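Asker: Before anything else, here's the structure in question.
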Amino acid sequence: MKIEGKPYRTIWLAPDGWSVEIIDQTKLPHALAIVRLATVEAAAQAILTMQVRGAPLIGATAAYGMALAIREDASDDAIERASAFLAAQRPTAINLRWALDEMRRAVLPLPVNARAEAAYARAAAICDEDVETCRLIGVHGRKLIDEIAARKNGAPVNVLTHCNAGWLACVDWGTATSPVYQAHDAGVPLHVWVDETRPRNQGASLTAFELGSHGIAHTIVVDNAGGHLMQHGDVDIVIVGTDRVAANGDVANKIGTYLKALAAKDNAVPFYVALPHSTIDWTVQDGAEIPIEERHGDEVLKMPGRLPDGSVVTVEIAAPGSPAGNPAFDVTPARLVSGFITERGVCAASREGLLSLYPERGVK
Ligand SMILES: CSC[C@@H](O)[C@@H](O)C(=O)COP(=O)(O)O
């Protein structure tokens with residue numbers, strides 16, 4: 001996708017051929033800051049501090065983090081240490097563990113002196129595969145938007161999304177936004193309701209930035225507006241991303257997703273979840289087993305913003321001394337989900353639905 005007319009991915013190999021560059025997402029939308037990661041510690045820190053975030057991008061960054069670690073020390077011990085260290089940075093997005101497993105599988109069978117080159121090759125392939133996977137999610141998801149557009153006689157299709165499951169959360173395209181980009185590029189009239197997504201405001205700062213950069217009509221709304229909009233017929237479809245889907249189809253995603261799904265059910269608004277295969281955790285039987293990240297209360301009590309002079313400051317917004325809880329994700333039961341949009345097609349949000357697209361996972 002493009003920023004100010006220039007094409008970007010969210011992560012790429014630096015011109016030196018071994019370190020990695022990322023867009024620092026904590027600085028968006030106010031500044032486009034490129035940060036260079038030259039060590040596994042820097043990659044881990046970027047994941048922890050959410051300079052990179054979004055399940056697929058967390059995985060891609062961890063993959064390059066492994067390559068950086070293996071470049072320094074390609075022994076079995078060092079590889080296991082780096083993998084455990086990176087895995088500990090964020091607990092909910094399963095793409096992190098998926099990418100680390102892919103990296104270990106790619107390098108551990110090889111002689112030590114062949115591992116670094118293989119690690120860089122696998123990390124690059126994980127990124128390329130993510131781009132193609134997300135493109136295909138858009139190809140399949142677009143059909144849902146097209147069907148609604150056909151009923152609306154030229155009026156814009158109103159999509160509601162939560163958090164940022166856009167290209168900034170992946171390597172390119174995004175999951176929830178890929179159908180939106182592809183429909184828009186094909187001339188389908190669209191408008192996106194963007195949940196601001198407290199406490200970190202990924203919707204207001206990142207999704208809105210993405211959609212605006214691509215020329216897509218959108219409106220930022222407070223997180224609590226979704227139910228009201230749905231009651232008034234202003235939402236045709238909800239599409240969100242996910243950090244982990246359990247084998248029974250339960251969906252972990254950014255806190256507040258569950259409330260959107262409840263409101264969608266009550267108002268008969270289709271509620272779809274877009275995901276790549278790397279987000280399905282076949283080892284977790286239902287959503288209750290998914291670990292939910294609890295983040296620092298300061299994210300609730302304080303808010304960053306830009307002053308008229310351009311400087312960015314963080315201000316306190318709550319009663320001094322009050323404590324805050326900050327669960328970062330919630331679980332939407334599969335029964336509230338109309339379907340999954342994957343790179344292999346659209347399926348029911350159930351074990352049977354997932355197995356219809358990934359039959360190889362049903363083989364014992
Ligand atoms: C395609 S990304 C899907 C999810 O990772 C996204 O919806 C989300 O919840 C991101 O959370 P974040 O805490 O910003 O990493």
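From the backbone N, Cα and C atoms, a Cβ is placed for every residue, glycine too.
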Asker: Given that TrEMBL annotates Arg53, Gly54, Ala55, Arg90, Asn253, Lys254 as substrate-binding, name the residue from Gln202, Gln285 that shares the site.
Answerer: Gln202
Asker: Check the binding-site residues Gly54, Ala55, Arg90 for any whose Cβ is under 6 angstroms from an atom of ligand 1, and report them in sequence order.
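Answerer: Gly54, Ala55, in sequence order.
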Asker: Which residues, in sequence order, are found in the same chain with Cβ within 8 Å of the centroid defined by the Cβ atoms of Arg53, Gly54, Ala55, Arg90, Gln202, Asn253, Lys254 at the substrate site, excluding those residues themselves?
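Answerer: Other same-chain residues near the substrate site: Ile58, Ala93, Cys163, Asn164, Ala165, Ala169, Gly241, Asp243, Phe329.
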Asker: With H, G and I counted as helix, E and B as strand and the rest as coil, say where DSSP puts Asp243 (active site, proton donor).
Answerer: coil
